[in-house]
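Worksheet: the structure to be examined is printed underneath.
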Amino acid sequence: MRSPDGQETGRPAAILIAGPTASGKSALGLRIAHAFGGTVINTDSMQVYADLRVLSARPTAEEEGLAPHRLYGSIDGAVNFSVGHFQRQAAALLSEMDAGTLPVFVGGTGLYFRSLDEGISDLPEVPDAIRQRIRAEADGQPTETLHAALALRDPESAERLRPSDRMRVMRALEIHAATGRSIGSFHEARVPGPLAGKPLLKLFLATEREALRQRIDARFVTMMEQGALDEVAALRERRLDPLLPVMRAHGVPGLIAYLDGTISRAEAIQRGQGDTRRYAKRQFTWFRHQMGEDWRWTTPEAAWSLVQARLSAPGGR
C-alpha cells in the first residue's frame, strides 16, 4: 500500500538496515526489534564467524539478551561462508519465524541484502577436495600467474576479472575445475530471494564521513582494549588458509603481522584503522551504484522516526 505521495505505508514484511561499518546499524536494529517485537538477523559477512566477536563488532551478550539475534557467530572460521550459504540460512529462518515477528536484517554486506530481494546466481558448491587441490597449486604463485592460467581455461572470466583480484580468480578456477564450465555460465540462472515481491523498508545509514572516520579509529582502539588481539592470536594458532574470509577480516592481517614480529603494535592499529576506513568508503560506493532507489539514505535518528511512524500507523503493527 502506498500513500498519495508514492511512499510505502503499512507494516513491512521486513526492515533492512544497511550502511558502512561503525554507522550505528546494530544499535538501531536492536532498538527497533526491542520496541516492536522483532528479531535482529545478521546480514554481515564477518559477524557470522564465531572466532571474531570483538573484531567484527558483533552485538554483546547483554545486547543479544534484549531481543532475539540470529545468524551471529554461528560459523566456524574454517568455513568459506558464501552469499549462497547466507541466503539459504536466511530463507530457512524466515520460514520458521512466527507470523507476528518482525524480521530486522542488519549488516554491511551488500550482496547479502541483494540475495534477500533480487536473488543470486545459482553457483554450484565446490567439493572440498577440489578447493584444496586448487589452493595447494596456487600456494606461492603470484596472482598474475593464476590469472594467466585462468585465461587458458576460462578466457571469458579472465577477461572480466582484474589480474590482481586473487579471491575472484581463485573462485573462477575452482568452479571451472569442479564443473568444466565458466563461472559466467552460471550467472543467468538465479535463485529467487526469500523476500522478493514483499513490502520492505530499506534503510541505509549515511553517517557524515569525518564523523564516521573518527568513530572507526576510536572503535578499533576500543576493540584492542576489549580483547581483539587475543582473538587474532587464537585464530593465528589455527593456521587456517589465509584466503579464508575470516583471515582477511579488517584488522586480522595487521595484528597477525604484529604477533609475527614484523610490525609494531602501533603500526598494526594504524593498519587496521586504515583498512576499515577504506572498507567504509567502498561500502558507500557499492550501495550508491549497485542498489535500487527504494533504499532510503538517512541517519540513525531519522531512520528511527521513520520506523516509528510506519509501524505505529494504522495497519503498521
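Quick reminder: no glycine exception, Cβ is built from N, Cα and C everywhere.
Pulled from TrEMBL, these are the features on record:
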type: BINDING; residues: Gly19, Pro20, Thr21, Ala22, Ser23, Gly24, Lys25, Ser26; note: ATP binding site
type: BINDING; residues: Thr21, Ala22, Ser23, Gly24, Lys25, Ser26; note: substrate binding site
type: REGION; residues: 44-47; note: region 'Interaction with substrate tRNA'
type: SITE; residues: Thr109; note: site 'Interaction with substrate tRNA'
type: SITE; residues: Arg131; note: site 'Interaction with substrate tRNA'
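Location within the structure of each feature annotated in TrEMBL.
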residue : record                                 : contacts (Cβ under 8 Å, 6+ apart)
Gly19   : ATP binding site                       : Lys25, Gly108, Leu203, Phe204, Leu205, Ala206, Thr207, Gln283
Pro20   : ATP binding site                       : Gly108, Leu205, Thr207, Leu212, Tyr279, Ala280, Lys281, Gln283, Phe284
Thr21   : ATP binding site                       : Ala57, Gly108, Ile216, His250, Thr276, Tyr279, Ala280, Gln283
Ala22   : ATP binding site                       : Ala57, Thr207, Leu212, Arg215, Ile216, Arg219, Thr276, Ala280
Ser23   : ATP binding site                       : Leu205, Ala206, Thr207, Leu212, Ala280, Pro300
Gly24   : ATP binding site                       : Leu205, Thr207, Pro300
Ser26   : ATP binding site                       : Val40, Ala57, Pro59, Glu63, Val106
Thr109  : site 'Interaction with substrate tRNA' : Thr43, Asp44, Ser45, Val83, Phe86
Arg131  : site 'Interaction with substrate tRNA' : Asn80, Glu174
Residues of the region 'Interaction with substrate tRNA' (44-47) by DSSP state, where helix covers H, G and I: 0 helix, 0 strand, 4 coil
CB contacts for Lys25 (ATP binding site) [other CB atoms within 10 A, all chains]: 27
Env. residues of ATP site, Cβ within 8 Å of mean position of Gly19, Pro20, Thr21, Ala22, Ser23, Gly24, Lys25, Ser26 Cβ: Gly108, Leu205, Thr207
Per DSSP, three-state class assigned to Arg131 (site 'Interaction with substrate tRNA'): helix
Substrate site shell beyond Thr21, Ala22, Ser23, Gly24, Lys25, Ser26, criterion: Cβ within 8 Å of Cβ centroid: Gly19, Pro20, Ala27, Ala57, Gly108, Leu205, Thr207
Mapped DSSP class for Ser26 (ATP binding site), helix or strand or coil: helix
Whole-number mean of pLDDT values that fall within the region 'Interaction with substrate tRNA' (44-47): 98
